[in-house]
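Engineer: I'd like to ask you about the structure that follows.
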C-alpha cells in the first residue's frame, strides 16, 4: 500500500503535468524509480519485469483515477510471487 501511495499516488501524479509527453514520461520516471528501488533482485529480467509491472499499474492508475485497483493488483502480484517461492523451494 505504501509503495502505491508513494509511486502511483505521489510520483506519478506530480510528473504527469509536465508538458506534451507528460503521461509517457511520468510512467517511465515512476517505473524506473520503482524498479530501481527493488535492487535486491540481481537479474536483469527481474528489473524488466518490475518496470513493465509498474508501467501497467501506472496506466491502471490513470484510467481508474484511483489507487484501489493498483493496490489490489500489487497485492495479488506479491501473493503470486510468495506462492511461487514457497512451492518452488527445494529441500
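In case you wondered, yes, glycine gets a Cβ from its N, Cα and C as well.
Curation does not apply to TrEMBL; its annotations are automatic.
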Engineer: Can you identify, from 21-40, 41-60, the stretch that TrEMBL calls transmembrane segment?
Structural biologist: 41-60
Engineer: Which sequence positions outside the transmembrane segment (67-89), separated from its termini by at least 6 residues, show Cβ-Cβ distances below 8 Å to it?
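Structural biologist: Distant contacts of the transmembrane segment (67-89): 1, 3-5, 8-9, 53, 56-57, 60-61.
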Engineer: For the domain 'CAAX prenyl protease 2/Lysostaphin resistance protein A-like' (1-79), jot down how many residues DSSP puts in helix, in strand and in coil.
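Structural biologist: Counts, helix then strand then coil: 63 helix, 0 strand, 16 coil.
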